[in-house]
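Before any comments, here is the structure.
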Amino acid sequence: MFELLGIPPQALFGQLLLGLINGSFYAILSLGLAVIFGLLNIINFTHGAQYMLGAFVTWMLLNYLGVNYWWSLLIAPVAVGITGVILERLFIRRLYHLDHLYGLLLTFGLALITTGIFKQIFGVSGLPYQAPPLLSGGHNLGFMYLPNSRAWVIIASAVVCLATWFVIEKTKLGAYLRAATENPTLVGAFGVNVPLMITLTYGFGVALAGFAGVLAAPIYAINPVMGENLIIVVFAVVVIGGMGSILGSIVTGFGLGLIEGLTRVFYPEGSAVVIFVIMALVLLVKPAGLFGRTA
Amino acid sequence: MAEAAFATNPQADAGSPLLSVKGLEAWYGESHVLHGIDFDVRFGEVVTLLGRNGAGKTTTLKAIMGVLPKRTGSVQFQGKELMHAPARFVAREGIAWCPEERGIFSSLSVEENLMLPPQVKPGGMSLDRIFELFPNLKERLSSQGTKLSGGEQQMLAIARILRTGAKMLLLDEPTEGLAPVIIQQIGHTIARLKQEGFTIILVEQNFRFASTVADRHYVVEQGKVIDMIPNDQLEANIDKLHAYLGV
């Protein structure tokens with residue numbers, strides 16, 4: 001009964017699983033971009049490099065300090081987040097009164113510098129990262145084989161995305177963030193330290209990229225350009241979901257991952273471009289994105 | 001309790017000004033909007049800033065609050081100089097601002113809007129008292145902030161700064177664009193707030209409304225205070241005031 005259009009279920013579900021995994025990364029990364037863009041009005045082109053940084057910090061923690069994967073899940077995002085806080089304080093802060101374009105150029109330049117430094121030190125061939133024992137092996141679900149490492153990425157990503165959504169949409173802290181996104185001057189005039197909020201928000205968005213990097217370490221090759229390729233797709237996801245929309249970036253992230261997976265089953269030649277085709281279609285119909293608010 | 005705390009403040013007792021503005025100048029980019037505003041407000045007073053459109057009334061409130069990029073002069077609150085403090089410190093001294101455009105957040109519910117401003121001083125108004133003053137808000141707590149009517153949004157904008165414990169309120173044209181019955185309700189509210197010991201600066205175009213709530217009126221023209229008229233002498237000065245306001 002699973003013989004859909006002559007495609008074996010193993011292949012179909014295998015590709016859907018791959019799609020969900022890609023979607024997990026799209027979701028976390030575009031969520032971080034959305035949070036940053038919402039409050040800072042900056043398109044954070046450094047995001048891909050910060051994702052790469054998360055993976056490298058994970059690798060370094062294991063190889064230099066013997067810190068295992070599970071601790072890295074906590075330490076690496078915090079470390080990457082701190083580099084974000086420093087960047088915001090040193091550079092990005094100076095651009096808020098200027099056009100968007102300056103923030104884009106700055107963060108793009110920072111991405112090139114970061115990637116360049118890592119290429120210089122580590123080369124581009126990629127470093128291996130041994131998955132922890134708990135993540136090796138897998139389960140046979142009958143219709144497909146589900147490796148633990150992949151199931152873990154999907155679950156961890158979904159939990160982090162939903163927790164972020166919950167904090168932003170349902171808590172007092174999130175209310176400050178939403179209010180400051182709309183009118184930072186007024187929130188400051190209520191006595192709230194908006195500049196500090198902006199710094200921490202950037203740090204948090206960057207930490208999300210770092211977290212995605214940790215998740216990537218055991219399943220993808222760790223190399224300096226791993227973020228460059230991914231981030232282009234993630235920007236398309238953000239455009240489709242709508243810039244600055246929290247729920248939009250999560251739903252479109254996972255959804256587009258699945259669509260990409262399905263395309264790989266039914267029309268493999270189109271899988272590399274399907275997201276960009278969807279982006280073009282969405283821009284034609286809803287220029288603000290599926291979940292975007294037109295200002 | 002909060003009034004007691006204020007009463008023990010020697011400056012409040014002595015009838016010296018609670019807020020004293022001297023030589024206040026402000027700019028929007030290149031344009032010089034305030035050219036030396038001087039006025040003061042005593043504890044418990046309701047004072048209005050009257051003047052034509054573009055005279056600098058709204059800018060005066062913003063300059064006091066510290067939300068303008070460039071200002072000079074002196075703003076003293078309870079004897080403390082606020083000129084170099086960013087807005088968040090001005091707020092924490094106990095001055096709350098209700099902007100002309102009301103500033104209701106569309107991505108927040110009515111309740112979130114109401115609860116947003118943090119407490120800056122002890123003794124803010126309780127929610128029960130706020131709902132007594134603004135019964136409409138209680139029924140709309142879960143609505144989106146900007147789904148309220150204009151009058152309800154204005155009430156929400158005033159209500160949320162009463163919770164914070166700030167005792168000095170800067171209200172920028174709270175009656176603008178509202179129906180007469182709502183204006184009346186806001187007038188009653190301001191009278192009640194005065195009774196409870198709030199000190200209020202009210203920016204108004206409508207001096208008929210202003211005369212029902214205020215103790216004194218400052219007339220602002222071209223970025224300067226050009227006259228002060230106590231409310232009980234308003235009738236005697238009505239011709240002069242008409243000339244100032246061009247009505």
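Backbone N, Cα and C define each Cβ position, glycine as well.
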Suppose you had to name the range TrEMBL annotates as transmembrane segment; which of A:73-92, A:173-192 would you pick?
A:73-92
Taking 3+ C-beta pairs under 8 angstroms (sequence gap of 6 or more) as contact, is the transmembrane segment (A:104-129) in contact with the transmembrane segment (A:230-259)?
no
Maximum Cβ pairs under 8 Å to the transmembrane segment (A:12-39) - stretch from the list A:73-92, A:149-168, A:204-223, A:230-259
A:230-259
Can you tell me which parts of the same chain pack against the transmembrane segment (A:265-285), counting only residues 6+ beyond its ends and a CB-CB cutoff under 8 A?
5, 7, 11-12, 15-16, 233, 236-237, 239-240, 256, 259
Below 8 Å between Cβ atoms, which of the listed ranges A:73-92, A:149-168, A:204-223 makes the most pairs with the transmembrane segment (A:230-259)?
A:149-168
